[in-house]
Amino acid sequence: MHIKPEEITSIIKNEIKNYEKELETVDSGTIIQIGDGVARVYGLEECMEGELLEFPNQVFGMALNLEQDNVGCVLLGSEEGIKEGDIVKRTGKIVEVPVGEDLIGRVVNSLGQPIDGKGPIKNDGYRAIEVPAPGILERSSVNEPLQTGIKAIDSMIPIGRGQRELIIGDRQTGKTAIAIDTIINQKGKDVICIYVAIGQKQSTVANIVNTLTEEGAMDYSIVVTASASESAPLQYIAPYSGCTMGEYFMNKGKHVLIIYDDLSKHAVAYRTMSLLIRRPPGREAYPGDVFYIHSRLLERAAKLSKENGGGSLTALPIIETLAGDVTAYIPTNVISITDGQIFLETELFNAGQRPAVNPGISVSRVGGNAQIKAMKQVSGTLRLELAQYRELASFAQFGSDLDKDTQARLEKGKRLIEILKQDQYKPMAVEKQIMIIYAAVNNFLLDIKVSDIKRFEKEFLEYMDTHHREIGKAILDKKVLDDELKSALESAIVEFKKIFLM
């Protein structure tokens, strides 16, 4: 085929005319040092604090230290195959996690990726893990109860929706058990539960997931886990990821319960990370902003006003103490951030009182407003009577010649202690709690042997279920014990006692 010279020039002109060069400008830098899950990158001039950076092998990192000539980053993945001299690109985004209804019933890692082998998750988009907490005008006061199903807590240390209540105690005192019982008790109450496991053994998390599945609680729960084998940065972002997933539902007007298990390990992960990127250490080698990492997380728990949908996010952070020392750095920090604490004691646990709640130093600063009036009526004197019993019991060890009044108080105290004991994974409905506590507080159990109290409670509640279901229903409907309801309850107790003591 013969082409004329003028045709060649016109073809070249057309090609030049239609030529489009696609240029992509990417702010990139070079790794100058890498190791222990931490990298120093030179050349990222415009990098922002907390920005997501793209490393080779599809590994992402987070910029934490913005220094004069380099950026200190932590890797959110394996550093395998990444070396000095490799190129790092900016993404212009901060760490985000997927949110949506499909996360319910799933087990995910701190980046929201499924790890339960049930396939991919369809999400409703991505949200940043760090967002400002709701402001004062967006909130309303805590006024709805969040029932834990645990008698000792619902009666003396009530929790409201939107509250932050710390669960604190030594290892092996039943902190996680209280949290799991609370999740199980939300069945049928239209509350979405999120359990965040930070630095836990994978076997422990597997047991918790199995328990929740057996109890039917995974139908409304999400489990976020950053196990002990994962890097410190992934453990550090886990609670923020869980909180973001919860906020999605809260902003839709739903009620959410989130458990951080536990923030002691979270603080240790942050300390590890900070020391590796050479931040100056402070008290107990924690960095200076360790208070802020927990306050900005827990401030995101809120009860939103009606104008903002009326949703709520209730946080139950867990802190592990050493030898019962609540005056250590992290425990005092979190106590000052939260709206109260449930203190669990090793001595009580070993003495067979489970849950091992110490009502003397446990407190709920805002939950009282949310407690239903009927429970307030029956539990009003409970804390005081238990405190008096403990005091008298310690004196009674020294002598046996006690007057009748003291003996009666001691006998009543023993029965109150027995009533507050509860088996694990057996949360109790609030109307049943009210009935049995009413019987104990109003001296109906003094002629029942202490060893028979547990059996009495079980059989009494079964009896009320079969013969006097209307009383429980009336307590739920009225939410207050009026004279008519009191006399009906008292006659039912007397009626059952006759059968029991036969």
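Counting begins at 1 with the first residue displayed.
For all residues, glycine too, the Cβ spot is worked out from N, Cα and C.
The following features are taken from Swiss-Prot:
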- Gly169, Asp170, Arg171, Gln172, Thr173, Gly174, Lys175, Thr176: ATP binding site (BINDING)
- Ser362: site 'Required for activity' (SITE)
Who sits close to Ser362 (site 'Required for activity'): which same-chain residues at least 6 apart have their Cβ under 8 Å from its Cβ? Met156, Ile157, Gly340, Gln341, Ile342, Phe343
Additional residues surrounding ATP, by Cβ distance to the Gly169, Asp170, Arg171, Gln172, Thr173, Gly174, Lys175, Thr176 centre under 8 Å: Glu320, Leu344, Thr346, Phe349, Ala356
Using all protein chains shown, find which of the binding-site residues Gly169, Gly174 scores highest when you count other CB atoms within 10 A of its CB. Gly169
Simplified DSSP label at Gly174 (ATP binding site) comes out coil
If you count the C-beta atoms lying within 10 Å of each candidate's C-beta, which of the binding-site residues Gln172, Thr173 ends up with the smallest number? Gln172
Can you tell me the three-state DSSP label for Ser362 (site 'Required for activity')? coil
Enter the number of other CB atoms within 10 angstroms of the CB of Lys175 (ATP binding site). 26
According to DSSP, does Gly169 (ATP binding site) fall in a helix, a strand, or coil? strand
